[in-house]
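Enquirer: So TrEMBL lists the following for this protein:
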TRANSMEM  6-25  transmembrane segment
DOMAIN    26-187  domain 'CAAX prenyl protease 1 N-terminal'
TRANSMEM  58-79  transmembrane segment
TRANSMEM  143-160  transmembrane segment
TRANSMEM  172-195  transmembrane segment
DOMAIN    209-420  domain 'Peptidase M48'
TRANSMEM  292-313  transmembrane segment
TRANSMEM  333-354  transmembrane segment
Amino acid sequence: MIKLLLIIFSFGNFFYEMLTYALILHQRKKPLPDTIKDIYPEKRYQTFLAYKKDYRKIFIFEQVFTLCLQLFCILSPFYTWLQDANPYICLLKTVLVFIAIECVSDLPVSYYSTFTIEEKYGLNHQTKKDFFKDVCIEKITEFLMLSIFFAFLIWVATHLEDWTHHFSISFAQAFLIGLLIVAAGFIIMTLLSLFSLAAMRLQYKFTELEDGSLRQQILTFLKESRKKVHHIKVYDESKKSNSKNAFLLKFLGYREFGIADNFLEENSQDELYAVLLHEIGHLKHKKNLWNYTQYAFGIALFLGLVWLISHAPVVLTFNGMINTEFHLSYTNYYLTLSIFLTFCKPFLFLWNFFRNYVSCKEEQEADFNAVDHGYGQALIQTFKKISSDELIDINPHPLIELIEYDHPGMYKRISYIQKRMKKGNVAV
């Protein structure tokens with residue numbers, strides 16, 4: 001029964017991806033709205049279409065390969081080959097095998113995408129040496145993060161019976177154990193975030209923005225926020241791609257602005273101010289109903305964890321069914337969690353839809369901060385330049401944008417910025 005459900009989910013995901021891609025292709029046949037038509041002159045728009053067409057075969061290959069791999073893992077004795085009486089050795093073998101499969105499938109695709117397609121359209125500035133360096137950093141980071149996360153999961157799962165006196169505990173005791181697990185989980189997630197930050201530092205060179213009028217103006221803008229930004233740094237994006245960005249990095253109480261070097265070199269000062277005012281808009285954000293709804297969801301998840309601790313036999317029964325169907329003598333925790341998350345996909349889809357909606361609202365609020373400071377037109381100009389330079393899809397299908405985008409599409413974004421400017425009597 002479990003294998004049948006997994007097969008249904010695999011095909012369901014495949015058809016969902018193909019359907020959404022068909023909607024994307026249909027949308028690209030439509031003319032661009034007047035608001036954003038000037039981003040892509042006819043010749044440049046044909047370049048955009050050709051660029052996206054070059055990725056079509058890659059997209060189809062990736063979807064078919066993923067489906068075949070999933071079916072192979074479900075129908076073959078794949079997981080029996082990896083089983084081991086020691087759950088940590090089993091974890092190590094499983095993670096290494098899946099990373100190896102990723103390397104075999106993803107590396108040629110990524111290499112071709114970077115040095116054939118991206119190179120063809122002038123979007124790649126990366127050397128082959130840097131490419132392989134980044135791949136190694138990503139895979140090592142992925143291995144460490146997965147290993148630490150699952151090792152923590154195994155540690156909890158293998159000790160829970162002792163902690164709960166063979167699962168004979170009250171809800172209050174389960175609540176306390178849940179708090180301890182969450183606290184330990186927070187430490188683990190903090191450690192994983194540090195790994196991610198370290199990987200970024202290895203992939204990019206960050207240098208402090210030199211003192212001058214630009215830095216002083218940014219510091220003046222920052223006075224509007226109570227949240228301190230500790231550093232303003234420039235990173236060497238120009239060595240990798242055409243991508244131009246400025247972002248706010250947050251880690252616990254630490255905050256840092258990152259500005260792409262090519263953004264500083266190729267965009268006007270007003271355009272840079274506009275993007276940084278957008279990021280400062282995020283700092284000024286005040287919690288609202290949507291945010292508290294997310295917190296309520298987190299509390300509900302915690303209570304669900306407490307319920308599972310106090311009703312552990314339910315989990316053991318589910319795990320036993322998995323072991324039986326996959327002919328396993330020992331539990332593969334990687335497999336168990338993967339199946340659990342697969343069965344949660346409908347719920348996770350709705351949750352991601354909600355999170356994307358909240359994220360888009362917050363992006364709009366941050367954009368308005370730039371508009372209200374008089375940099376609305378500069379922000380629009382920045383979006384137009386970046387879209388053209390990076391061959392971005394500026395008019396996504398409304399349904400795809402609603403379901404999958406965590407930032408508003410460019411057409412929608414420019415439209416509401418212009419409305420805000422008119423409302424404030426600012427020249428459009």
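Note: Cβ is positioned from N, Cα and C throughout, glycine not excepted.
Set these features in their place in the structure for me.
Expert: Tertiary neighbourhood of the transmembrane segment (143-160): same-chain residues 87-88, 91-92, 95-96, 99, 167, 177, 181, 184-185, 188, 191-192, 195-196, 309, 312, 331, 333-334, 337, selected by CB-CB distance under 8 Å and a gap of 6+ residues from either end.
Through the fold, the transmembrane segment (292-313) approaches residues 160-161, 164, 167, 169-171, 173-175, 177-178, 181-182, 351, 354-355, 358 of its own chain, all at least 6 residues removed from its boundaries and within a Cβ separation under 8 Å.
Beyond its flanks by at least six residues, the transmembrane segment (333-354) meets 2, 5-6, 9, 13, 79, 87, 90-91, 94-95, 98, 150, 153-154, 157, 293, 297, 318-319, 322, 326, 402-403 of its own chain at Cβ-Cβ distances under 8 Å.
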Enquirer: In this predicted model, what is the average pLDDT of the domain 'Peptidase M48' (209-420)?
Expert: 90
